[in-house]
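Enquirer: Have a look at this one.
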Amino acid sequence: MPTVCLLPLLFFTIGGCLGSSRPFRTFVVTDTTLTHLAVHRVTGEVFVGAVNRVFKLAPNLTELRAHVTGPIEDNARCYPPPSMRVCSHRLVPVDNVNKLLLIDYAARRLVACGSIWQGICQFLRLDDLFKLGEPHHRKEHYLSGAQEPDSMAGVIVEQVQGPSKLFVGTAVDGKSEYFPTLSSRKLIDDEDSGDMFSLVYQDEFVSSQIKIPSDTLSLYPAFDIYYIYGFVSASFVYFLTLQLDTQQTLLDTAGEKFFTSKIVRMCAGDSEFYSYVEFPIGCSWRGVEYRLVQSAHLAKPGLLLAQALGVPADEDVLFTIFSQGQKNRANPPRQTILCLFTLSSINAHIRRRIQSCYRGEGTLALPWLLNKELPCINTPLQINGNFCGLVLNQPLGGLHVIEGLPLLADSTDGMASVAAYTYHQHSVVFIGTRSGNLKKVRVDGSQDAQLYETVSVVQGSPILRDLLFSPDHRHIYLLSEKQVSQLPVETCEQYLSCAACLGSGDPHCGWCVLQHRCCREGACPGASAPHGFAEELSKCIQVRVRPNNVSVTSSGVQLTVAMRNVPDLSVGVSCSFEEVTESEAILLPSGELRCPSPSLQELQTLTRGHGATHTVRLQLLSMETGVRFAGVDFVFYNCSALQSCMSCVGSPYPCHWCKYRHVCTSHPHECSFQEGRVHSPEGCPEILPQGDLLIPVGVMQPLTLRAKNLPQPQSGQKNYECVVRVQGRQHRVPAVRFNSSSVQCQNASYFYEGDEFGDTELDFSVVWDGDFPIDKPPSFRALLYKCWAQRPSCGLCLKADPRFNCGWCISEHRCQLRAHCPAPKSNWMHPSQKGARCSHPRITQIHPLTGPKEGGTRVTIVGENLGLTSREVGLRVAGVRCNSIPTEYVSAERIVCEMEESLVPSPPPGPAELCVGDCSADFRTQSQQLYSFVTPTFDRVSPSRGPASGGTRLTISGISLDAGSRVTVIIRDGECQFVRRDAEAIVCISPVSTLGPSQSPITLAIDHANISNTGVIYTYTQDPTVTHLEPTWSIINGSTSITVSGTHLLTVQEPRVRAKYRGIETTNTCQVINDTAMLCKAPGIFLGHPQPRAQGEHPDEFGFLLDHVQAARSLNRSSFTYYPDPSFEPLGPSGVLDVKPGSHVVLKGKNLIPAAAGSSRLNYTVLIGGQPCALTVSDTQLLCDSPSQTGRQPVMVLVGGLEFWLGTLHITADRALTLPAMVGLAAGGGLLLLAITVVLVAYKRKTQDADRTLKRLQLQMDNLESRVALECKEAFAELQTDINELTNHMDGVQIPFLDYRTYAVRVLFPGIEAHPVLKELDTPPNVEKALRLFGQLLHSRAFLLTFIHTLEAQSSFSMRDRGTVASLTMVALQSRLDYATGLLKQLLADLIEKNLESKNHPKLLLRRTESVAEKMLTNWFTFLLHKFLKECAGEPLFLLYCAIKQQMEKGPIDAITGEARYSLSEDKLIRQQIDYKTLTLHCVCPESEGSAQVPVKVLNCDSITQAKDKLLDTVYKGIPYSQRPKAEDMDLEWRQGRMARIILQDEDITTKIECDWKRVNSLAHYQVTDGSLVALVPKQVSAYNMANSFTFTRSLSRYESLLRAASSPDSLRSRAPMLTPDQEAGTKLWHLVRNHDHTDHREGDRGSKMVSEIYLTRLLATKGTLQKFVDDLFETVFSTAHRGSALPLAIKYMFDFLDEQADQRQISDPDVRHTWKSNCLPLRFWVNVIKNPQFVFDIHKNSITDACLSVVAQTFMDSCSTSEHRLGKDSPSNKLLYAKDIPNYKSWVERYYRDIAKMASISDQDMDAYLVEQSRLHANDFNVLSALSELYFYVTKYRQEILTSLDRDASCRKHKLRQKLEQIITLVSSSS
């Protein structure tokens, strides 16, 4: 056997449980999978079976030995194995999966059975795992070659004399001729004996084995028996099994499979298996059946459980786990249940069954084994419990299910394994779950199972079936695929109080009283003493103290502590108060303790700063153990902290109020006057409640207050005063105490300034002796008021608060008190007077002034003296009665009334008329304004289109639209949110569309008038989306430009961009350019702190307000960054700078180029004297050329909405030359000759430079030529090597087919995952009835044809509508595919006829989806070719997809452009030389940190997202894409040692910027090395802000060189174009190749490029590598019989139909027939599937894979074409690529069509039978009612046209189809 390196690890793991953090030991493997566990019952050593390994571990999980068992050269088809006979099948290294691990105690050896060589076993010495033997020479040595590790169970039965026996049950994987499913075998002491594993008994008729009959396998090919658990009890051997339920499973192999659990029993001494009996077994809970057995464990019941069950305590019981239902054996439901069986009950069922059979009753009832029903034979025989069978009446099956007792149900974790044992009187059950948890359950009765603890062991990794105890039952061993864990059975120490300990439910735990801890009884030193160890909650110590409170001024108070449930305390106890003070307690004869309270000094320490009370813990400390074992709360109170009498005597403590000293004290003797002491609230001085104290302004009056217990001031004490505080001023008024119950403030008047308030509340109190306040009730209020303030009219005066006693002084025209109004008495009016009403009402305003004549307008009338109640006011408006609305009436000021309908045809305008009481002249008025009746109309809505999510600001134009008081705008069923209106327009915000994109009518409701206009329609369109921003940064101030790409942007009326930072939201404007682009100004953010970080700030949210489209409100949080605002220095100290005209001006500043913005620059404008200047920008300065003008010019810089005034430029020109200077200049002309000489010398030098440049270019050309040669050589080498490599990788790939429903929906309704046809329809009964009638109507061919032809005739019936109707029709007819096929044929015939009549070329038929029939044809094939896809064509298509994906990912892929080194598409080919290295990273599995690391190959140039995708692809290989995590939800963590963990990201502070380009981070950028350890961890909330700043700082010393070189160029690659090129203004994002669509690449950039066409050799290399997979797919599709699959009937049937149509129309051109068939099937169905494999499989298709599949699909289309392909040097590369293959493919297509034509025709009857069966299989996959509801939409939309068409059609008239449809329409309408 080969030697394989293994890296097992021993860890201490922290277990996460309910309150527990105790570490437990683990043994972890990284490069194998663990399968089985065995624990030695004496030594406690642990043996672990695994794939290719067996381990021996010490009890503490330290590895002692490892034994290698594989891989082995083998082939599953070799029988006998290759070790015995040369095998014709190819041998490859095969993993040896351990399936059985048993300790043979008698022979001191380990039996380890595996999967290789047809299931041979090894015998290993227990001491060192030395291989004692490996029998593999006889057929008895081959147990089963099945690969499942948990499908085998075995039991060793030791014999008193002779060898032990091995009872073994196993799944046989369909090979029943080789392996028995159950057998009894000899375990010989000599491992090399030929008799080893031989059957215990065998003759020519009978043997110790059970085999699955071949007849059973021929009927049920999937039949097998999976053995879950085996055990011995008394003299019987038992097995729990799972097997196919042949009673419920249909013979059809593709149908649903049902399984049943059975218990098998045999006598241990039965050699002939005559005693074989099996019974169905299961459990039920709340009416739900649980029939999938998962695990079981045999144990003894605890005494309590035994008593509850009524069985002896030594009886065996079986704890069993079942999953719900009978389906999904391999992946059972997580709904599981723990059940209990007693062996006596099971044996009783079996005994009764045997007895009934021996009485001749019934049959043997074992159809899978006997293949027929054999009757029981009546045999007079006494059957007892130990009966072991005869040759007759066997084997025997049970007739009913043995039901267990349900104990515990779980619906989330998925219980998977179980173990149990007895502790004291309790049964304790341990359960492992599929989510990696351990559950602990106490079972004390059949109805008493308590889950008391859950421990997280291996998060997310299932606990396997083997769950075993250590010999002393102190630990339990759990097994998962990568880890063995040793956990203590109890963690009592986690509970810190007696209540928590004894309330936990853990039977192991009790409370050790004097040790004050939770532990086992044996761990408690004083447990044997009375009350030393508590096991019941009621036995916890209870402590009371008398007194339970003491004043802070009292010390040394003797406290008596009474206790219950305490042990002997004679050794001594001390008392302590929060460790501040401790004193020894005196033990009283009564058993109580006596403790002193703390001293005054100690009390100050305890209570300082704690106010009136402070609760501390009085603790009792045992002198025996030195432990504080009990405590009780104790209160110290401080009376002096209470400042009022009521709070003092009302406290729960003995506080006393000293009335004359105004203090609270705990000592009554401290009161200086005996009569001044108060000890109850009744004795407190207090102002009594008497309602509000009302004080009119300016009135001199005394204030008398009722009180009680008012103290009489003593000698030397001051008298009473009233203290009033108003508007910040304090007034003290002398007061007189009449007696103890009355006090009066002396005459005084009170004022407050201003008339803004009619009254104001005063701060009013009564004090004595200067500052002793008398207590007031909480409700006491004093109000100071002015009658005239805010009451200028009679009406306002009379509605004043009656308590103020204000009235209207008629002569003074003023609101006054009665005393202030001159006589006579009638001159003063008060509301209490009978008939009081104000004269001279006046209307100042009415609103609105117009309304509809239908009435309903609420008219608001404002004025004065408008009555005191609404009942006394009468109203008419424009001569029409207006009814007052009492709830909106404001006394004297405002009346709101509702207009009745005007019955006059054209009512004239008129005033509002009002009477108060009667209509006499003094009490009547009318308005100056006139009210008019109008007729509002509207004729236009603008805009007429908007997104379906609503939010569009609509303007509805018309006339008189401001009429009335209320307006409601309804768009179909939704209310448009009102904004404003005027006479010509109403503005409102559109609601969300309930129908999605659609046309909707508009209705206005103005009061009681309803206005509509059928000519005005509002159209809901698709919601706009935002797909890309450029750039993704701004400055703090915002206002920089952002270019936004998206879809449907023109439908947005007022788009805005928004940012939210620290709870503050800001927005800015956007301008839509076209439907896919808009330009926005970035919003600024408010930092809240002075200095932003240089690396930028990320807003909490960043997105767009696109009307009400929610999806755009918040984009990816981390993608937008705000950098610090630029700042500038002034022009010199004085602000003035002197320069010459045209010279450079340097403007210095900071943050001029944002830190991570690359070459995307801020747009600076520098104005000098108002004129812009040319700029050069660097990080710290702007270089500007000064203008030509002179003088003082102001300098201003504009950037991103910021303006900087830097100072003034003083531009001074040189003065004109003087005459001597001019003479000197002329004299210099003599030097001209010298200048000419200089020019000649320069020319010579230039010539030499040109020669040197020529040589340099020649050298570059030579270098380029060598690189081209190397590239071509590499491409050729890759072509030769990649094919085999790719083929090997594809072997064994699992195909993640989508289920039929999902597949069909994706093809029928592309892009709509949750289509209504998948959901139940919630409708009123009438509508449901109508839809069912509509469904019946669809089954009338005349109606359906008329319906479809009518829809197609409508100009507004779009292409999309045609596809939708076709798909909905097929769904609605899913249950009648035979009828749908006939309809489809008729529609196709009509289409052919129409095509020929319109003189179109016949070849154009079925080319596009311009009719319902064409889409129906696609859907028809979709339904009927699903099985062919799954069984035949799906495999090559999936392998092609995988091959393309893997081949693309072998080389670099640009994350921005999507270009790749390997590609079939020229458009997606990298045309540069990219240097890269392959790295192998070791990835920690996301679900389980402790599991084995997975090696993953990546490229050092991969972007981080690409690396994450490759890691996920490898870690979750074989897992459907929808069931695995997504890269965007995970962070990539690079781990260096224990502490250093770095989060890698595509962009962070180290992102490199070079000139105008910002480069995406790659693995090479982070300097990740080969062999590095990485982990995928769930993405954190702030993955960059938190993780990066922390991790990079911590690891700076290691990576400081990386950070310093953050701008150096590095090699980066990508896997797929998954990064959006988020670009800033002027900055381009790049990964591997700079996008040269930009025109601003640097000079010389092209100099580094090779001739791009050279790289087209890569296309050929990639094409050659993938050729096999393309050929396989085409061959499968274009073969009539391939891979054992016959041609689908649908293809032959449809091709024959097309030939019939051609014959009927005398079309003899073979090219036309060929084209019809190509358009019908390959182009309509296969091309769609090839381009969109995600329709068939649960996968993700990236852009490079899509591009390559498009090339394959184009080749497929070209292969089906009859036209000649004329290719030249200018033809597209994808045409040239397959140019030589297409003729061959064309021949395949022609042969395929010929072969189909030669096949026997399918009769309509046979086809109908096939279609009926297909309908039955998928009858319930879709909700037909929902489909009918969707179809009915088109009836509503084109109702009149359809009804008209039904009238015109004779057949429809004959069957009265119009009336039937109208009946349906009526039914629907009646429910709306």
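Using N, Cα and C of the backbone, Cβ positions are placed for all residues, glycine too.
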Enquirer: Run through Asn60, Asn638, Asn747, Asn1074 and tell me the one Swiss-Prot describes as N-linked glycosylation site.
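Expert: Of the listed residues, Swiss-Prot records N-linked glycosylation site for Asn60.
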Enquirer: Using the record from Swiss-Prot, pick out the residue from Cys357, Cys376, Cys388 that is joined to Cys267 by a disulfide.
Expert: Cys388
Enquirer: For the set Asn1010, Asn1163, say which residue Swiss-Prot annotates with N-linked glycosylation site.
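Expert: Cross-referencing Asn1010, Asn1163 with Swiss-Prot, N-linked glycosylation site lands on Asn1163.
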Enquirer: Under Swiss-Prot's annotation, the disulfide partner of Cys518 is which of Cys498, Cys501, Cys540?
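Expert: Swiss-Prot says the disulfide from Cys518 goes to Cys501.
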Enquirer: Of Asn549, Asn1037, which does Swiss-Prot mark as N-linked glycosylation site?
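Expert: Annotation hit in Swiss-Prot: Asn549.
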Enquirer: Among 1240-1294, 1460-1514, 1680-1734, 1735-1789, find the range that Swiss-Prot records as coiled coil.
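Expert: Among 1240-1294, 1460-1514, 1680-1734, 1735-1789, the range Swiss-Prot annotates as coiled coil is 1240-1294.
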Enquirer: Name the one residue among Cys267, Cys376, Cys518 whose Cα is closest in three-dimensional space to that of Cys339 (disulfide bond); these are the disulfide-bonded residues.
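Expert: In terms of Cα distance, Cys339 (disulfide bond) lies closest to Cys267.
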Enquirer: In angstrom units, rounded to an integer, how far apart are the Cα atoms of Asn60 (N-linked glycosylation site) and Cys595 (disulfide bond)?
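Expert: About 50 Å separates the two Cα atoms.
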Enquirer: Please work out the mean pLDDT for the residues of the topological domain 'Cytoplasmic' (1242-1872).
Expert: 81
Enquirer: Given the glycosylation sites Asn60, Asn549, Asn1163, which one is most crowded in terms of C-beta atoms within 10 angstroms?
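Expert: Comparing the glycosylation sites Asn60, Asn549, Asn1163, the most crowded Cβ belongs to Asn549.
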Enquirer: Could you give the Cα-Cα distance between Cys283 (disulfide bond) and Cys87 (disulfide bond), in whole Å?
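Expert: Cα-Cα, rounded: 47 Å.
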Enquirer: Closest of the disulfide-bonded residues to Cys492 (disulfide bond), Cα to Cα, picking from Cys78, Cys524, Cys540?
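Expert: That would be Cys524, the closest of Cys78, Cys524, Cys540 to Cys492 (disulfide bond).
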Enquirer: According to DSSP, does Cys498 (disulfide bond) sit in a helix, a strand, or coil?
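Expert: For Cys498 (disulfide bond) - judged by DSSP and reduced to three states - the answer is helix.
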Enquirer: What are the sequence-distant neighbours of Cys357 (disulfide bond), meaning same chain, six or more residues apart, C-beta distance under 8 angstroms?
Expert: Leu364, Cys376, Asn393, Leu396
Enquirer: Helix, strand or coil for Cys283 (disulfide bond)? Use DSSP.
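Expert: For Cys283 (disulfide bond) - judged by DSSP and reduced to three states - the answer is strand.
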Enquirer: Once the chains shown are all counted, how many other Cβ atoms turn up within 10 Å of the Cβ of Cys267 (disulfide bond)?
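Expert: Excluding its own Cβ, the number within 10 Å is 19.
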Enquirer: Here are some disulfide-bonded residues: Cys87, Cys388, Cys512. Which one has the most Cβ atoms within 10 Å of its Cβ?
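Expert: When each Cβ's neighbours within 10 Å are tallied, Cys512 tops the list.
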Enquirer: Of the recorded positions Cys78, Cys87, Cys267, Asn1163, which one sits closest to Cys575 (disulfide bond) when you measure Cα to Cα?
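Expert: Nearest candidate: Cys267.
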Enquirer: Over the span of the domain 'IPT/TIG 4' (1126-1212), count residues by DSSP class, listing helix, strand and coil in order.
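Expert: Tallied per class, the domain 'IPT/TIG 4' (1126-1212) gives 0 helix, 46 strand, 41 coil.
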Enquirer: Anything within 10 Å of Cys113 (disulfide bond)? Look among the disulfide-bonded residues Cys267, Cys498, Cys518, comparing CA atoms, and list what you find.
Expert: none
Enquirer: Tell me which residues of the chain lie with their Cβ under 8 angstroms from that of Cys595 (disulfide bond), as long as they are six or more apart in sequence?
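Expert: When sequence neighbours closer than 6 are ignored, Cys595 (disulfide bond) has Gln558, Leu559, Val561, Cys575, Ser583, Ala585, Ile586, Leu618 within Cβ distance under 8 Å.
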Enquirer: Of Cys267, Cys501, Cys512, Cys518, Cys540, Asn1163, which recorded positions come within 10 Å of Asn549 (N-linked glycosylation site), going by C-alpha to C-alpha distance?
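Expert: Within 10 Å of Asn549 (N-linked glycosylation site): none of them.
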Enquirer: Please report the Cα separation of Cys518 (disulfide bond) and Cys78 (disulfide bond) in Å, rounded to an integer.
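Expert: Per the Cα atoms, Cys518 (disulfide bond) and Cys78 (disulfide bond) stand 61 Å apart.
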